[in-house]
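The annotation domain 'Protein kinase' is assigned in Swiss-Prot to 426-720 on the grounds of sequence analysis. Sequence annotations record features per position, and here Swiss-Prot assigns N-linked glycosylation site to ASN85, ASN137, ASN209, ASN266, ASN299 based on sequence analysis. Here Swiss-Prot flags 386-424 as region 'Disordered'. If you look up Swiss-Prot, you'll see 74-96 marked as repeat 'LRR 1'. According to Swiss-Prot, the repeat 'LRR 3' annotation covers 130-154. For 178-204, the entry in Swiss-Prot reads repeat 'LRR 5'. If you look up Swiss-Prot, you'll see 1-25 marked as signal peptide, on the strength of sequence analysis. Marked as transmembrane segment by Swiss-Prot: 355-375.
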Amino acid sequence: MQISLQIHLSSFTFLLLIFLLPVLSESQVASSESQTLLEIQKQLQYPQVLQSWTDTTNFCHIRPSPSLRIICLHGHVTELTVTGNRTSKLSGSFHKLFTLLTQLSSLKTLSLTSLGISGSLSPKIITKLSPSLESLNLSSNFISGKIPEEIVSLKNLKSLVLRDNMFWGFVSDDLRGLSNLQELDLGGNKLGPEVPSLPSKLTTVSLKNNSFRSKIPEQIKKLNNLQSLDLSSNEFTGSIPEFLFSIPSLQILSLDQNLLSGSLPNSSCTSSKIITLDVSHNLLTGKLPSCYSSKSFSNQTVLFSFNCLSLIGTPNAKYQRPLSFCQNQASKAIAVEPIPKAKDKDSARIKLGLVILIIIGVIILAAILVLLVLIALKRRRSRSEDDPFEVNNSNNERHASDKVSVCSTTTASSKSLPDSRRVPQTMRSAVIGLPPYRVFSLEELEEATNDFDAASLFCEQLYRGCLREGIPVTVRVIKLKQKSLPQSLAQQMEVLSKLRHMHLVSVLGHSIASNQDHNQHAGHTIFIVQEYISSGSLRDFLTNCRKKEVLKWPQRMAIAIGVARGIQFLHMGVAPGIFGNNLKIENIMLDETLTVKISGYTIPLPSKVGEERPQAKKPRSNEDREKEDVYQFGVILLQIITGKVVAAGSSEMGSLKLQLENGLRDEPSVLSSLADPSVKGSYAYESLRTTVEFAINCLCEDQSKRPSIEDVVWNLQYTIQVQQGWRPSSGNHESSMKAIYE
């Protein structure tokens, strides 16, 4: 009986082991791969997200987070996702790191982003990566060199993301070998000049911010699954091809900041699926297709500012350049268009012959020039015997106005600055150091704010918190009056994700909770995660004697133009533009380097709980709200100049404005006495005078005479140029001014 019981127990144990072995193998990574992961930690120089790894770490049981995710199957790592927050390059070689990655032979997903990785991708390493790899993301690092042609050996790849690195030159001529590829993101490199052949299954293509210099290739029309195409910030030339608007699935088309000429095709009206079309900052001429003024296209966002379109009589006409500018630039763009690569021996010979002819021509021309110079020198010597000194006197004319035109529409106008007005400052400034925009889980935000504890609340509906990665943030809680349709919310979140700029307290991400998700909030509640700036506001600096001394005139001009560029981005850098922002010195934040960060600006969302709109009042137009923002900027500028804190529309502000107007008409010493004593000796009088004059223009009671935000930026650039040309009698502020302007 006892022997029988032992046999049964042994059988049971054996069966139990058979069932448990697969489970154990999935929960415990192979020891060799554990050592590989620890070596990867070492090669990455122990980033914060990996600091908890030790010899005893069970890698398959690490809780997934937005910055770290490891998935195991049958004892092998199938996914490794590590997201750091490094903004500078790590020292040392990373060849060993890439070699270690080849030892994870079952990887399907590999993502190493913002980790400071540098060096180049070795072709041998690429060929030895896991053959089952489906997703490769090495974005936001410092990887340089060419993208190896061997990349096409990764036949199962569905997503290839190499954006924001330092890759340069030609991409592999033919990426069609990646037959399963659906996402290709090579933005933010120096690739070019020609677009490689693309695989047919692509749904998302981003080649933005590179050095592509060709016409938009016809091969794109064969990408029938394409939903998003971003070719912005390159040097694409020629006209916008009509075939782009016949791609059946295309929803987002970004062609802005190129050298595209001609007119916008009428066929762009026939593509009802395109939600966003951005052709701004090009060389387009002619008229807009009439459909864009039709109500049937009200759900479509079309951006076309800073071209040379004929929009006479429309509010958008002021955002267009002169026709002559586009014609001149288009002819130059055609002249520098690269010669296509030779496809056979005959074309190679022709190209070589052309090069030889050009060289011979240059040599002959140089010889003629040398001969002419020798003749001229000989004649000059013969004249110098009679007149040994030849003097040329040139007088520098000073452009200064003795009369002050208060509330004129321009100050230090375009006549003073013809060059600065030709190509406006790009409004899409790179935001260095920000983590990628993402959707947060509600649990993450509860953890960051200690369950939205009252101690974390430092302003109405605004909580201070800290993400798991150690990044300090603010979380704004917005309760909507009623539930919105998912499609409507998705479109609003798309706009929200664009609110990232050097001079804004940028949005890092969001979370949406419904009644079921979070029982504290009825209906939809939106949680907006933004940067946290701890250094203080402009008001703090102007009201603190010690901090105030830091703000000399060059620093104040940098702050002024920073505020202006932030407003310009809100008005013109996103679609639709954001107007009626709560602009005051309390909301102008300054970081450790005195870089401006505007907070409290309007968040474009539906009506919020507690927000009532009077029925009797007519809604204000965007133009009215734009001019209101300019007025509020004028108030900020007034306070920057004088160092005095005044409220908009107050009697103190009116009195201060009147004193400055009188100071402009009086002796220079009178106006100088009205400036903040803290800036004494650090400014050029002409810079002070034009800044005061422009501040008064912004404060005109007649809003039609207030300048546009574009004029604000241009005129502030003029005052900075004036300051750059001034040499102080004591101390050297020129170098700081140069750094500010650049």
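Cβ coordinates come from backbone N, Cα and C, glycine included.
In the repeat 'LRR 3' (130-154), the DSSP tally of helix, strand and coil residues is 5 helix, 7 strand, 13 coil.
Using a 10 Å Cβ-Cβ cutoff, ASN209 (N-linked glycosylation site) registers 20 neighbours. When the Cα atoms are compared, ASN266 (N-linked glycosylation site) and ASN137 (N-linked glycosylation site) turn out to be 38 Å apart.
If you take the Cα of ASN137 (N-linked glycosylation site) and the Cα of ASN85 (N-linked glycosylation site), they are about 15 angstrom apart, rounded to a whole number. Calculated from their C-alpha atoms, the gap between ASN209 (N-linked glycosylation site) and ASN85 (N-linked glycosylation site) amounts to 22 Å.
Sequence-distant contacts of the repeat 'LRR 1' (74-96) (same chain, six or more residues past either end, CB-CB distance under 8 Å): 22, 25-26, 28-30, 33, 37, 39-40, 43-45, 47-50, 59, 66-68, 104-119, 122, 125, 137, 142, 432-433, 435-436, 469, 471. Cβ neighbour density within 10 Å is lowest for ASN266 among the glycosylation sites ASN85, ASN137, ASN266. The DSSP breakdown of the repeat 'LRR 1' (74-96), given as helix, strand and coil counts, is 2 helix, 8 strand, 13 coil.
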